There are 2 protein chains.
Amino acid sequence: MLSNRNLIEFTKIKSLQLPLDFHKGKYDTENLKAHDLENEFSLLIEKGIARENEKSLLEQVGPRITKLKFGNVELETPIFMPVGTVGSVKSLSPEDVYSIGYRVILGNTYHLNLRPGMELMRDFGGLHEFMRWPGAILTDSGGFQVMSLAKIRKITEEGATFANHINGAKITLTPENVVEIQEDIDSDIQMVLDECTPYPATHAEALASMERSMRWAKRARQARKKLNRAQFGIVQGGMYGDLRVKSIKQLIENDFEGYAIGGLSVGESKREMRRLLSATIPWMPENKPRYLMGVGAPDDLIDAILLGIDMFDCVMPTRNARNGSVFVRSSAAPTGKIQIKNSAHKSSREPLDSQCLCYTCKNYSRAYLRHLFVAEELLVFRLMSIHNLQFLYDLTHEMREAIRSGELFHSLPDIRRKYAPGSV
Amino acid sequence: MLSNRNLIEFTKIKSLQLPLDFHKGKYDTENLKAHDLENEFSLLIEKGIARENEKSLLEQVGPRITKLKFGNVELETPIFMPVGTVGSVKSLSPEDVYSIGYRVILGNTYHLNLRPGMELMRDFGGLHEFMRWPGAILTDSGGFQVMSLAKIRKITEEGATFANHINGAKITLTPENVVEIQEDIDSDIQMVLDECTPYPATHAEALASMERSMRWAKRARQARKKLNRAQFGIVQGGMYGDLRVKSIKQLIENDFEGYAIGGLSVGESKREMRRLLSATIPWMPENKPRYLMGVGAPDDLIDAILLGIDMFDCVMPTRNARNGSVFVRSSAAPTGKIQIKNSAHKSSREPLDSQCLCYTCKNYSRAYLRHLFVAEELLVFRLMSIHNLQFLYDLTHEMREAIRSGELFHSLPDIRRKYAPGSV
């Protein structure tokens, strides 16, 4: 188990500046336009939010390796973090997740607060011991679940009141009690309560929502009792770059241990998401972890890493796996995806991905996995989840090593073709 | 994977004769009456099936250790065999099953024939490779599933015709094609097609059904093409001891590599099952494996091992686990059972069974398991199944070691109290 924990330790290991020809569009894809960085900055100057001399911030934008340390647990970013909603990365044991290489997983504040509840969390001294996870844990704020799961809800300045999705009982989450819950969970990285701005929203709606989230962030920062756990602020602002910049500037005043981008991957286009990342990232502190919430598609990971994001989470790899859908390298399927129930795999003695070294690919054929899936055998959900998590681990590993060697921009087209052929 | 396979090698390691005071009832339980052995024998003499001078057969009845060898896989009996219905011991990986200590699992002929089908089995060279199981495999005959799963069925001298439970297509299983299917599966122990006599049945019905099964057994023996795999005959005869003896005598004429007792645990009382075992076992060859089909309750295992059964199988440990019910030693729960969803376990930091060394008990609290079960997290089905299989493994291991040391009858009351407190 994790010991000698204290505040997250953050070290920058290596960073690359986006090369000149990147700005000229050499590495552009349909979604990521390198010149967005400059365009978005110009818009901020027009609106009086940025000054010309702040343009040097753009030079700091680029992919990087950082080291995060939580007590005896150490890891390098960029990383993906598997989601263990109610204290279990769905269908997997802690060993399954750890042995792929993962060292941080997510727990969901909203879910854990409902079940098993905080009395048990306190009894066990936190989620690590309860679920026997030897790595670090990040807990989200609950804000996203209030929006996506609760049928009836009311947001006031005080917090969010809603009927929970299990028994309909009325619950109020406030910036303060969300800190308290996370301190009971004893997570290593705790997220402040935010309102995930509805999509779409007008500029005025997004502004009001963002400003409330920023007031909540300040209250959350003041509510802490355990000062030896990291707390991250969350940038909001809907689909408006100027609001995103206002948001990060206000957050920084609270000196959080890290900064997250929330409210993306909520229905907007990939193009839109990248534009907003381009607007926001230059303003995020260089010496703190940067976390893009709820994002896990291979092409999104690649592009966001290029812009300097360190951390990601998403239910997609494990949820897709349970639906029979896995990511594979383009050498295994030109689309980068396999739907295992497809009859094309009926007699295939091939693994899901012959270049993958996961437990599943080392041992099982597509024919066997398809058979288990059709027969609804529980083992298949575990096997497919292991593979999808290995895939995202390998992707971030390859990006990391390419940053370390300085060869990332050279190898980028190959990495894209290999891991995200659909986006090339 | 299993290599150098050939016919099962059978070696008797140690056997104990039931002690004199056993016959006097010293170890009787409500269900197992030691004097059944003599009573049932007397009835056979009355009916003209046994002769007085055959009474010495009773002296051979008693618990034993045997060694079974399949190529490079070796194991000692008595053993329980987990059921991997369609090519997966439900919710577990082959490693999970193997690392508990299991070396033989079951596959279901009826199910595997429907899905994934024999074309795939032939492609893969059998089930071992398809499911990546490094131990031995026993396949049942399909007879039991025809009776329990198929809605419409017709039994003729030729075989059993029925509408399968998946898509209703008409299928005929014959003694010959069941041999063929099992040769495609390439199982190490193949069971002959039998009719599992309905319960209850009159003596005349049970006789007719048994005699047809014996004719089928003979046909199955003659239908083999692969002579290097073991084939077991199955004793039938309903609830009639005299029919059971007639059945085993007819089976022996075919010189099978082993003999199974079928058609028990179909609704009769435990008392009745033991009476029939007492009638049958004295007549089963001493120098061949004896297998009691479909039996897995701890008290049934103990009593049948006492009478000389070597092998068992049952879906109960894995099915119960998925329903939240586990076996535990009486020190962990006076009844020998825990229903994990019971609120008594809500805050329990105890493992399921503190004397158990399984992966689940070494790592997880009842509170965590209960939480996973209530939240319907897939991990819990695996964890509970591992525990239940470890429990039955430990039970047979303890019986085996007590036979080896010669102390079994001395320690029997303790073993019963420990593993099957409900039956004491």
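Placed from the backbone N, Cα and C atoms, the Cβ positions cover glycine too.
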Between the candidate ranges B:48-52, B:163-167, B:208-212, B:318-322, where does TrEMBL place the region 'RNA binding' annotation?
B:318-322
Between B:21-27, B:294-300, B:350-356, which stretch does TrEMBL give the note region 'RNA binding'?
B:294-300
Per TrEMBL, which of B:Gly117, B:Gly168, B:Gly263 sits in the substrate site along with B:Asp140, B:Ser141, B:Gly142, B:Gly143, B:Phe144, B:Asp194, B:Gln236?
B:Gly263
If TrEMBL gives B:Cys356, B:Cys358, B:Cys361 as binding Zn(2+), which of B:His387, B:His397, B:His410 does it give for that site as well?
B:His387
If you count other Cβ atoms within 10 Å of each one's Cβ, which of the active-site residues B:Asp140, B:Asp313 has the most?
B:Asp140
Same-chain Cβ contacts of the region 'RNA binding' (B:318-322) under 8 Å, 6 or more residues past its ends?
82-83, 89-92, 381, 384-385, 387-389
Please report the Cα separation of B:Asp194 (substrate binding site) and B:His387 (Zn(2+) binding site) in Å, rounded to an integer.
33
What are the sequence-distant neighbours of B:Phe144 (substrate binding site), meaning same chain, six or more residues apart, C-beta distance under 8 angstroms?
B:Cys196, B:Gly262, B:Met293, B:Gly294
Where B:Asp313 (active site, nucleophile) falls in three-state DSSP terms:
strand
DSSP state at B:Asp194 (substrate binding site), helix/strand/coil:
coil
Across all protein chains in the structure, which of the binding-site residues B:Cys356, B:Cys361 has the highest Cβ count within 10 Å?
B:Cys361
Within 10 Å of the Cβ of B:Cys358 (Zn(2+) binding site), how many other Cβ atoms can you find? Include all protein chains, please.
21
